[in-house]
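Just lifted these from TrEMBL, have a look:
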type	residues	note
DOMAIN	21-319	domain 'BBS7 beta-propeller'
COILED	335-362	coiled coil
DOMAIN	377-486	domain 'BBS7 GAE'
DOMAIN	494-596	domain 'BBS7 platform'
DOMAIN	599-712	domain 'BBS7 helical hairpin'
Amino acid sequence: MDLRLNRVDYIQVGVTSQKTMRLLPPLGKKATQKVAIADHDGILTCFGIKKGEAVPVFKTLPGQKIARMDLGGAAGTPQEKIFVCSGSQVRGFTKKGKQFLTFEANLTESINAMHVSGSDLFVCASYIYNHYCDCKDQDYYLSGDKINDITCLSTENLTHLVPVLACQDRVLRVLQRSELAYDIEVPGPPSVLELYKDKDFSLGEEILYGTTDGKIGLVEIGEHSAATKWEIDNDKKKGGILCIDTYDIIGDGVSDILVGRDDGTVEVYGFDSSNEPTLRFEHVLSESVTSIQGGCVGKESYDEVLTATYTGWVTGLTTEPQKAEAGPGDEVRMSKETQSKVEALRAELEQLQVKVLQGREQYQQTSQSSTAVSAVPVFSINDKFTLCQDDASYSLTLEVQTAIDNLLLQSDVPIDLLDVDKNSAVVSFSECDSEPNGNFLLATYRCQANTTRIELKVRSIEGQYGTLQAYITPRLQPKTCQVRQYQIKPLSLHQRTHSIDQERPMNRLSLVGQFSFAEIHSWVVFCLPEVPEKTPAGDSITFYFHNTFLGTQLEATYCKGEGHFKSDNISTISILSDVLSKEATKKKINLNISYEINDDSVSHTLNMIHPKLEYQLLLARKVQLIDALKELQVHEGNADFLIPEYRNILDESANLLEEYKKQPAHLERLYGMITDLFIDKFKFKGQNVKTKVSALLEILDNYDLNSLLDFFNEA
């Protein structure tokens, strides 16, 4: 980490979407660049920096929320025309702010991704991709899952423009005209694409991608196939990636990679001698970074990383030194420029304080008047509810444009709340009556001052499904609250994957009945996360899943009139069978259900649970010993007389306790899964073994894998 950058805040606009800030090309070699940024109020602002102050070039009138921005221009000329999309409309502005284009794409949904290249315009809305040339319709493609971003390659080696779509089902789709040329599997749902530019800005055939679970990769796109150059894993559990840019900020002649994440982390990756990316700089802002650009903004000859955040702050991380150092007894002399800046800030502060007082008085007067009408203040929330693969928990992130006062969580299914290091809010639980009302959780988070972003973790139990509701109250007058709902699905811990291991012992569930393809697809959407809501094109479809908690797998293949499900875990098949038959009964559809149960799969699943269970039992045993060992240590004055194993437990006690605290009810979870497996195994044989559960729990308390396997076989 040998890069030093200093933070400078420039300007605040309204709430911004992903990729809505760009730097216009510089006029001279080392000249400063103008910044264009668009927000949810529909305002496009272009400004430059003079003597540390933002000077506006132009500002458009408010309108519909702007979702994306791109720069374009005729091929071979500076790309300085600004294109923005709002709703299904694309507008073009010159660098002086004159509008020269209004193009209505006539799409039923709003555009959420856009790319401009010469006279070609590429737009995407949910599942639809459209290509226009000189505003005339050229190509159209319907994707199998939601499109999150688009970029386009145009190089000498490739004979035509090659659009690349980043789709939610962990795939990059490479198109040729209106057809799919091939797709590239990536390790997570891709959220952003960026062309990798070399130092001299010549574009290769390489594309950078970032995923919602925080991974970054580089792929080289060819005519008929692609090659993955490298991938960076998200070992430190940082946020998902919202924006990427390439710019040589280190100054070593190689383009560096600038990354903005949804937890506020800004990163710069440089390349070492073996051409592998290494982290050179990291800075954390307090809210998600929606756009990132490299260039020269604040002062000539000083490069910087410019970021825009969710609430509209434009912040620079500049190579220009900011601090004047002084030794003991030295005086720090302020330059005239700095003095005038400080005075201007003081004057602005006083004006703002006067304004606030006037506003308060006015509010007090109107609140007591009999004719005044109270209006509910509108505030926007940026929320994300995703399954984390590493610890099989759901991460709920809420970000509000003003400070959050409190957050109430309510759930009608049993879920555990897990500890999050970054969360400083105070949590309190309320008693709730789960039996008559189906209310299993009521928790309140009281946030500290100026918290605009809060992250929570919850873990659900498979087979129990319902809704988690979040009531968000910001610090606004009059007090208002917004409710957000998140579905917890029957197989909530399953995650989509590209392929599964066919060698495992599998159990099968087959359904036959008078149902349409759309109906069975809607049932699968109800049961499993990460399945696109739109019915797939074609006659049949296959999806693969793996269970993030246990590592078991599921294959779902279905078409009109029949569905086949295979899994190496009997409990998964049991849950599917219950939920699917319930959904069919609601629609009054008669189902013919058949099973093929493989007895080997039970011991296979127990073997997969074994290492997790053994580890948790050992952890629980160590934690139980800590207090007694500490007492002995105090009593004897030191711990030298203990055997090495116990000394080790004492040394590691802080880590052990923290890990134990982070995973409440983990052991009960595993016990519950083994009990369900036991009941489900015999349910399919038509036997009720609930009376033997107490004997099973006794065996689990004195756990040994072989005796557990024997019990399952003998029962």
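Glycine too: its Cβ is placed from the backbone N, Cα and C atoms.
Could you place these features in context, so I can see how deep they sit and what lies close by?
Counting residues 6+ beyond its ends, the coiled coil (335-362) has Cβ neighbours under 8 Å at 51-52 in the same chain.
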Along the domain 'BBS7 GAE' (377-486), what average pLDDT does this model show?
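Mean pLDDT, the domain 'BBS7 GAE' (377-486): 89.
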So how many of the residues in the domain 'BBS7 platform' (494-596) end up helix, strand or coil by DSSP?
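Its residues fall into 28 helix, 38 strand, 37 coil.
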